[in-house]
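Asker: Okay, here's the structure, questions in a sec.
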């Protein structure tokens, strides 16, 4: 049964998922309880706030908002404070000038009257909220809903809040509508600050002019932007967020980011934000921690509110105002900046009370129910997906979860959490394990195939061979595992094509292609990895003398025609463009007809294409018999051994392969093909070329 059929016929109690996965039958009551708990929150929000649509527009009520007459209304939730004042350069930081009043829900408010019809707080001027807490201490904080903060490292690493309200003529005006949602999602994961070969922090403007055309040329149709939400510590890779409504100022202004998103849309690229709602920076002076003098405003109090490994604060998803803050944060990034969706970071930490720390997941269904599940975290993620998909039907949401929770990518109506895709996190781990622990002739083709195809029925998966995680210092990219130090000496076409480089380039292409073809309903690549970027990522920090040497992407390597990186880059482009033509990512899962452990040959069919992989390190096979369902004449549409991709050209592009009407490996026909060592061929019926 398909997902849409299940939705149509499912009972209205959250147990519809059982029709798709009967193994969930023993957990019927738990599914009902989960569904009922979430519905209870939906009902409460409908009754008290007028529904998720109104509730998620908190940024129009909280923070600083300019009225049509020029007045500025500032509201802040800080129930523990006994006094509160808005201070800034506009009133010489005078704590008596703009006192705030508190309502019964702990929300403080002040109106700053306009001066001659214009806002009294100048654009880009510094502001803070000053509060007195019950002990009598006066504290200063950055407004929780602030839209811009800036950092002057020559003065202090602490961020300062500024009032962002540029004059009309300096406000970026969006010119392009959102592209339609891609049927096949091909994601280019990128970090603005490292997107330059120079040893510096690159800017939004530079990304717009340099990276967008590159991503479009490579054939990707989606960009996933990391480290956009403001984070004081650059080396955190954006995962220790201080200010949730502020776009990082180290790359430029909010208007620059709007231009980036708009220009991406003009190229038909959708833009996803890497959103971090799994935890927050523990910073006090420029974060949410201890905001009103308590440790339990936005977060759980005590140890429950601290993540042991990340050294950060954990949100209390079961609090009405925290839900308002987080749901409004998602809505804000969609509305203000025009993002097309989100990749949710650290979902495993949100789903479980143990946060995945010291816990392995066996796949036993009992692990997904019971006391170890954070039902409030599940509820928040479900409400987030409900809100986003109801308001923005083309919105894309991706979950980073290692646990394999059932129904994560099914709609709430079936008892699911509502994500569109989950990341196939076991796949890159498999490749690292193979390269670290196995000789090439020990590769288990059956396990390779199983890992790539082991995904939940009806739930979409984004496959990837490696992401930013594998590029970070302390780990190695696939190309570094494959070629190691020879990357520095033998990637020139003027040098010997050594066995190590030949093997490395061949397997780099094979790994990417088999992942793309077999691994999911979407594909992701981290910038630079498409061409085998040398070295790792290491941001400036005390441990490396604040060096930018490894905090950059040497994208210029592909432009040097004397280097072999161009071959890998061109192969990656051909792979994306071939997918665009044949659409295997949105086709049904592949039929695998052969997993030959002796020959190290893998054969499967998907989207009308025949995929043939020879992973054997030394053996090539002549007239190798391969089963195929559809009869006819086949031609090569992609060949990893093509000289255009640095290959040895052992199969001619013009070769025709004719089927024979005899069954083979469970298929109605077979054809015979020459498959050289460490190569892959993708064949298509001649009439589809």
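Positions of Cβ are set from backbone N, Cα and C atoms, glycine also.
Relevant sequence annotations retrieved from Swiss-Prot are reproduced here:
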- 93, 128: (1,4-alpha-D-glucosyl)n binding site (BINDING)
- 345: active site, nucleophile (ACT_SITE)
- 400: active site, proton donor (ACT_SITE)
- 469: site 'Transition state stabilizer' (SITE)
Asker: Name the secondary structure element type, per DSSP in three states, that contains residue 93 ((1,4-alpha-D-glucosyl)n binding site).
Answerer: coil
Asker: How many neighbouring Cβ atoms, not counting its own, are there within 10 Å of the Cβ of residue 400 (active site, proton donor)?
Answerer: 21
Asker: Here the recorded positions are 345, 469; which one has the lowest number of other Cβ atoms no more than 10 Å from its Cβ?
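Answerer: Minimum Cβ neighbour count within 10 Å, taken over the recorded positions 345, 469, occurs at 469.
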Asker: Near the Cβ of residue 93 ((1,4-alpha-D-glucosyl)n binding site), how many other Cβ atoms are there if near means within 10 Å?
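Answerer: The answer is 15 other Cβ atoms.
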Asker: Compare the Cα of residue 93 ((1,4-alpha-D-glucosyl)n binding site) against each of the recorded positions 345, 400, 469 and report the nearest.
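Answerer: Ranked by Cα distance from residue 93 ((1,4-alpha-D-glucosyl)n binding site), first place goes to 345.
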Asker: For residue 128 ((1,4-alpha-D-glucosyl)n binding site), name the DSSP secondary structure in the helix/strand/coil scheme.
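Answerer: For residue 128 ((1,4-alpha-D-glucosyl)n binding site) - judged by DSSP and reduced to three states - the answer is strand.
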Asker: Please list, in sequence order, the residues in the chain of residue 128 ((1,4-alpha-D-glucosyl)n binding site) that are at least six apart in sequence and whose C-beta is under 8 Å away from its C-beta.
Answerer: 87, 88, 93, 140, 141, 142, 143, 160, 161
Asker: Does DSSP put residue 400 (active site, proton donor) in a helix, in a strand, or in coil?
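Answerer: For residue 400 (active site, proton donor) - judged by DSSP and reduced to three states - the answer is coil.
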